[in-house]
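Data block below; observations after.
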């Protein structure tokens, strides 16, 4: 794209329920109706399991036991299968109008993967992509992804395990992929890595891979 | 449309058609030229040709021979931009759609991308092959990877869509 770089507004939501996260994403999606309004929502969620548009693998009988663990359960209109969000996990919802970048969902997801690989790298973790969307350290997924796109406006996004309690994942087959595990920045670096520490690395990598300016409200 | 229906209801034998043509004042006064060409002439008028019309969201619609049903799918540009389709979320038969209504979503690379109806009408059929073979949308987006068939409640809406040449120009303008 020639001309100036797109402006993306960083919005730090803190700890919000998954439901509140959905509501706020919709607010930011709707802003695109009156012109470019790219934003990057950052948050953490209390424990919640979510599924995507493929409902068939997850009937109520399979989801109800998860509630007994003390987590919420939600269906979302994103791609991807079941995953977990919880404290210690950096959740990022880019609400971009792809008309301002590249009108390809495949490109967008690839750029998100590269963003996370770079962020992990700058923290000292060598991560990779694979035929399974998401970011991996060997056979263990360190960051899940699942997005939605309507009229070129994106929602949902990625979830990077910083110091998440990974035992929550043992109750599901994460993203429906048998035989693989999960990991976190803390596990890989054998020290505590918080969401607070990881966030600037993710933002810097996002700015780099999406060739955009990030702004924060005062 | 009335003359067309009259012809269809007649026997296909030319000799039995001729006397009817000469009696009816509403049909062409040149029956020899009209013969089997009559049906084709109507069929090739722009609204009922087998050519594809495109939306700016990369869906296509093809009007079927009867002019009543449109087959809907996504373009090659769209399937490339999506990546490998792993799931097709399609509407129930009987769903009423207005032009530009969201009618479903395709999932690829962990992304659910919305689909928008090119026309106003009712869903009459959904491609059941896609349940087991969603990849047909990538491999054969104009043929075996069709998504749904719908009635054409407002034929004039076809005029608001792009023909193939206009769509090609539109793609090029996006890619710049």
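Placed from the backbone N, Cα and C atoms, the Cβ positions cover glycine too.
The domain 'BPL/LPL catalytic' feature in TrEMBL is assigned to A:34-214.
Positions annotated as substrate binding site by TrEMBL: A:78, A:79, A:80, A:81, A:82, A:83, A:84, A:85, A:144, A:145, A:146, A:157, A:158, A:159. Secondary structure at residue A:84 (substrate binding site), as computed by DSSP, is strand. Sequence-distant neighbours of residue A:84 (substrate binding site) (same chain, six or more apart, CB under 8 Å from its CB) are A:47, A:48, A:49, A:50, A:71, A:168, A:169, A:172, A:174, listed in sequence order.
Under 8 Å, Cβ to Cβ, and six or more positions away along its own chain, residue A:141 (site 'Lowers pKa of active site Cys') finds A:134, A:135, A:174, A:175, A:177, A:180, A:181, A:182, A:183. Look at TrEMBL and you will find A:141 tagged as site 'Lowers pKa of active site Cys'.
TrEMBL lists A:175 with the feature active site, acyl-thioester intermediate.
A distance below 8 A between C-beta atoms marks A:78, A:80 as the recorded positions from A:78, A:80, A:141, A:158 lying next to chain B. Around residue A:158 (substrate binding site), the same-chain residues six or more apart in sequence whose CB sits under 8 Å from its CB are A:91, A:92, A:112, A:116, A:143, A:144, A:145, listed in sequence order. The recorded positions A:82, A:144, A:175 differ in how many other CB atoms lie within 10 Å of their CB, and the one with the most is A:144. Cβ environment of residue A:78 (substrate binding site): A:50, A:52, A:53, A:146, A:147, A:148, A:155, A:156 lie under 8 Å away, each six or more residues apart in the same chain.
In this entry, A:78, A:79, A:80, A:81, A:82, A:83, A:84, A:85, A:144, A:145, A:146, A:157, A:158, A:159 make up the residues listed for substrate, with the farthest two CA atoms of the set 15 Å from each other. Cβ neighbour count for residue A:80 (substrate binding site) (all protein chains, 10 Å cutoff from its Cβ): 28. Predicted-model confidence for the domain 'BPL/LPL catalytic' (A:34-214) is 95, expressed as mean pLDDT.
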